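J.: My questions all concern the structure below.
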């Protein structure tokens, strides 16, 4: 804690020379301690701070209490680059706790230093490369400096080298160097000196770089080489060598190449070895005509842009026997007719065989070794000619040769020169058959019995023909005559390949009982014919045909049992059956067996008879329409035992019978008309105007009908005769004691009543029309056609009616429930016009008005 002057000789000022080494003493001082201190210094003198900061100084003990400030050498003091003075604060403390802090000022003094090289020369030996042939020029600039910035001088040793250094330190070459003549390397000692004579020296190494300035040259003298053809790839042809003057001190690094486009040879670019690359075929173009191959070899001393030299090498290709004789084609197919005479020339092999070797000594060949199946029938005239001839005549029909048509032979064609290459030639000699024989049918005539019901397309028989030629000729069959009828030109067909005879149209015994055909067999050159008789066998294949086959009529419900219905009868015919074989029965539709035919069998005519009465009141009968399907079979003359085995044909007739209810009986002299009433309660509260319109219309209509009724009654009184003078029978037989009343009933009815049925009145015989739903009737006018619904019923009532007597005209009268409207109609029936030639009498054909009984409960229709 207490500061006391312990540092003796401080503060002080001292100097030190720049670049002083480590450990150089700068200043010495002493430490004074208290007498009371028994141990001396507690904290040795220490530089606690410096201005500016530095580590270039330190304190060392020089005795018991003597110390000195020395340089550390890190960093080295430099007058030119560092501060010129340093203030060092030195601190000390003794064992009693007394301390002292004092300053030592150190001044750095300047010193004359040696010049120093800068740049690369300061850290290493500089090597300079100079290309040969480079003109004299500055090759390097030496960079040196004096720490005191004094002017420096440059010099070099040895003085005899072709280099100089200028005052500025630039090194110049004094000549153009030639690598092949001058030294390749120079060592220069460059010295830089300051005015006081201090100097520094560095060595500069100058290497002369060889450049490619010389052309390489070939050392190989041979220019022509000869090799045989077909050498394997890689075979060495020549070893081309060359040298480069630029490479006198080392092996030449040259590059070889072939300049001309060549597919046969290549050269190793490094070694110059010329070798085979591709196949060399002396026998193929262009070597066949030009066996000399010229190759331009180039050598260069650089892969690109160097100096080059070229040399032409000629390689002669020698022919070898490397090809067997070949024949084109190598397989021959020849034909010779059978019975060809012996000695006949077939083939000259010399025209097809050759050896492509170029050298005549290598392309000669001969033919040997004729062999194969049947080779005894053929021969070669000589081994040189190669002419193939027949030695025997061949007959295919001969059992020794039968089945043999093609002879397989081989001939070997072989080189005469070594190594005797050969090939095999194949011959396929086909002996062409000659058509020598006519076809012969197995029978002179054929007879086939064919049932007339045989299906079209069925085979009815087969004809067969052969000839003696070998191989067997292909026989083609055809029908050349017969087999036609008036309706068909050809009703028979024969399979051209198999001879199966088939029918193209149905046979009919009743038309033609026998057909005679002429069948021809042809082997494409020769023909033969045979007769074919086709006997048509009669079969029961005709159905009974009846007239009419459809009929529609009406009968009254009260028709008497046993009556021939409407005088109807059917008449049947069968082309292949006796009329006595007919049997009649009703197959469908005869509900409750009301109808039958008489006679039921044994005749070609039969009448329709009512077998039992109708009973609608008790509910036994409910159908008003009967659709009868009448079957007529031709098995009446067959016994029960024969029927399962005989063909039975059945004809059909369809009858549509409508049963008409009895008309209401009225007086013949009382005029009347039919009234039909229909009521529909379709009132809707939302349609409040409907009742009003209907009521108003009904009143107007009622008034009109009343007026018309009055006029009609007046006319009837004046025109109708008295009751006893009636000239004709009434519409219905009414009881004689019943009082006839004149009655006109007027009610609301539909105006568009449709009369969809018609019937004949059994009393008068006249036709009348009726409505099947309401029962309304009227006489049919002679010139009025049947209404649409009636016309539809008159054609095919079987499809329109279900047999329950329902109204088929109901559809046009359907009303939608949403309409909720009520229709009231009425219709007056006019009287029928009298027939021509008849006088009209009041009781005969006048207008008959009839009252239709209203049903107890009103009908409602949807």
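Glycine is no exception: its Cβ is also placed from the backbone N, Cα and C atoms.
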J.: When TrEMBL marks a stretch as transmembrane segment, which of 687-716, 717-746, 747-776, 777-806 is it?
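T.: It is 687-716 that TrEMBL describes as transmembrane segment.
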J.: Averaging the per-residue pLDDT over the domain 'Cadherin' (328-441), what integer do you get?
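T.: Across the residues of the domain 'Cadherin' (328-441) the model's pLDDT averages 87 on the 0 to 100 scale.
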J.: If you run through the domain 'Cadherin' (122-218) with DSSP, how many residues end up as helix, strand and coil?
T.: 1 helix, 46 strand, 50 coil
J.: So, by DSSP, how many helix, strand and coil residues make up the domain 'Cadherin' (547-673)?
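T.: Per DSSP, the residues of the domain 'Cadherin' (547-673) fall into 9 helix, 55 strand, 63 coil.
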J.: For the domain 'Cadherin' (328-441), what does DSSP give as the number of helix, strand and coil residues?
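T.: Final tally across the stretch: 9 helix, 51 strand, 54 coil.
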J.: Counting by DSSP secondary structure, give me helix, strand and coil numbers for the domain 'Cadherin' (219-327).
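T.: Going by DSSP assignments, the domain 'Cadherin' (219-327) contains 3 helix, 44 strand, 62 coil.
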